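Taken from TrEMBL, the feature domain 'Ion transport' covers 5-200. Annotated transmembrane segment per TrEMBL: 6-26, 38-56, 62-80, 110-129, 141-160, 172-191, in sequence order.
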Amino acid sequence: MPHPVLMISDGIFNFIFMVDWLLRLYSCPNKREFMMGFLNISDLVAWVAIWNILWIEFYRDVFHFKGAFFVLFVIGTLYASRIFRVFRLMQHNCGVKILLLALKSSARELCILAITFACVSVIFAFLLYMSELQSTSNIRFPNALTAIWWAIVTMTTVGYGDFYPTTPQGYCIGALCSLTGILLIALPVAVTSSNFSDFYNFNKFRAKYQEALTREGKQIPEHNKAVSEVPATYV
């Protein structure tokens, strides 16, 4: 059982967030739209889960019945939805907005990377699996799916070491697989970094332009108030 101080603190903070949520719901002119918001729904689900968890912790003796583990699993999964509260902070962070814009503008390159990565991993997995069929080592690939797992881990340079080639031809395939993974990942990363740099420089220019207009007693035009509204010609 968690320390009582941690449980009480968790309950107090969740109560504060719940009051904040209720006040926002009360002050919102369109309550239907408020209740349809993803972050608002996730907050509501998390609060229902936390109050059930606290109730279970305090009355654990009476919570013994068939299927109790499944109920606890469902409640714990719902409680994990409070992680989405982080996205509420991201809405007000300019750097995060620029990063999301860079990823959005690089969506085509990232999709190409995912498709190419999947195809190449299957090819290397097949080659390695066939080359390791005659291996006499205790560490063998039991099936092709395990070989695909090895190819993905190798191409992403993670290298868990649970499976690895033991034949000379397997070593060559593994070396080619790791080098191919590095090249595949490096290309879209460069494109994404370039887009991020473009959006970042544009945002700095926009901030200086707004500051200059403020000094002159003017206001920035309505169409240029948000970073998310970057002109398409600039992108």
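The backbone N, Cα and C atoms fix where each Cβ goes, glycine too.
What TrEMBL says about a protein is an automatic prediction, not a curated fact.
On a predicted model such as this, the values are computed, not experimentally measured, just so you know.
Long-range contacts of the transmembrane segment (141-160) within its own chain (CB-CB distance under 8 A, at least 6 residues past either end) are made by residues 117, 120-122, 124-126, 128-129, 132, 174, 177-178, 180-182, 184-185. Listed as Cβ neighbours of the transmembrane segment (6-26) (distance under 8 Å, sequence separation of 6 or more from its ends, same chain) are residues 34-35, 40, 43-44, 46-47, 50-51, 54, 57, 85. Sequence-remote contacts of a segment are chain residues at least 6 beyond its ends whose Cβ falls under 8 Å from one of its Cβ atoms, and for the transmembrane segment (110-129) they are 103, 141, 143-144, 147-148, 150-152, 154-155, 165, 170, 173-174, 176-177, 180-181, 184-185, 187-188, 192.
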